[in-house]
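S.K.: When I checked Swiss-Prot for this same protein, it listed these features:
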- Gly105, Pro106, Val107, Gly108, Ser109, Gly110, Lys111, Thr112: GTP binding site (BINDING)
- 1-32: compositional bias 'Basic and acidic residues' (COMPBIAS)
- 40-56: compositional bias 'Basic and acidic residues' (COMPBIAS)
- 64-76: compositional bias 'Basic and acidic residues' (COMPBIAS)
- 1-76: region 'Disordered' (REGION)
Amino acid sequence: MHDPGEHGHGRHDHDHDHDHVHDHDHDHDHVHGGGHRHAHEHEHAHEHAHGHEHGHAHAHAHAHAHEHAHGHTHEHWAHPGLFSERDAPKDRDFSARAFTVGIGGPVGSGKTALVLALCRALRDRMPLGVVTNDIFTQEDAEFLHRNKALPPERIRAVETGGCPHAAIREDISHNLVALDDLMDHVAPALLIVESGGDNLAAQYSRELVDYTIYVIDVAGGDKVPRKGGPGITQSDLLVINKTDLAPHVGADLGVMERDARRMRGDGPFLFAQCNRSQGVPEIIDHILSAMRRATTTAPPAK
């Protein structure tokens, strides 16, 4: 476990390899004055005309008919929310669809690098399946193919054709089709969904995933954790990636740690360098622990 005193809250002028985990199973002195948030969701109608599924290749989700001039309706969040108030995982039959992990975060934060690292670490331990989301390309799926993350038949690509968060929360149908296709053809024990890059307000529907990981990176500056948003405050695990860039961008890892703890309360977070697999074993521990809890308490298969 990480001792927050290891690197303090001063400036960091040298490289850090923070592959330790903050799981907050012990008491902390938290600054709760500004940390309490409440999420208010307002439902809006969605009339989406969708494309079609292309076998094992990819799914299209295009031609959205919307009510707002800017493109489509959104959930409106008055506050970033508390970790303790996040949506609870659904009790469901995991024989119908395997335990599903959703990985989200801004563009360039390292989501695909994390997916690749997870595939490399877990593919010899259990059968996997991956669904990627991009707006108009299959770039992330192609990256996984080039790097031989998994056999091609275990990867599906969804082209959302619009804002990525809609495909993981408001209209999850195309991702569900891709996940069901993987279940039918390769019978994975663990499924991973990678969202397209989006903003701090993006969060997965619990109808789609059982466990959420939100990835931010140091290159965005040490202010990112305190900006909040459901991804920061209510993901099951927050990953602060690319810690090696801290001295190059003037980011203070101590400040990021302090703010992540303040914003997340008891919610776990950790530092990582996913492209070097630093922190990845700890991420896997969190995933497998959640998977064991969910599958041992799941209702019996029908």
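Each Cβ is built from the backbone N, Cα and C atoms, and glycine gets one as well.
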S.K.: Just name the winner among Gly105, Pro106, Gly108, Gly110 (the binding-site residues) by count of other CB atoms within 10 A of its CB.
M.R.: Gly105
S.K.: For the recorded GTP site, whose residues are Gly105, Pro106, Val107, Gly108, Ser109, Gly110, Lys111, Thr112, find every other residue on that chain with a C-beta no more than 8 angstroms from the centre of their C-beta atoms, and list them by sequence position.
M.R.: Gly197, Val215, Asp217, Asn241
S.K.: Give me the non-local Cβ neighbours of Lys111 (GTP binding site): same chain, 6+ apart in sequence, Cβ-Cβ under 8 Å, ordered along the sequence.
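M.R.: Lys111 (GTP binding site) has long-range Cβ partners Ile103, Gly104, Gly105, Asp140, Glu194, Ser195, Gly197, Val215.
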S.K.: Helix, strand or coil by DSSP: which one applies to Pro106 (GTP binding site)?
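M.R.: The three-state answer is coil.
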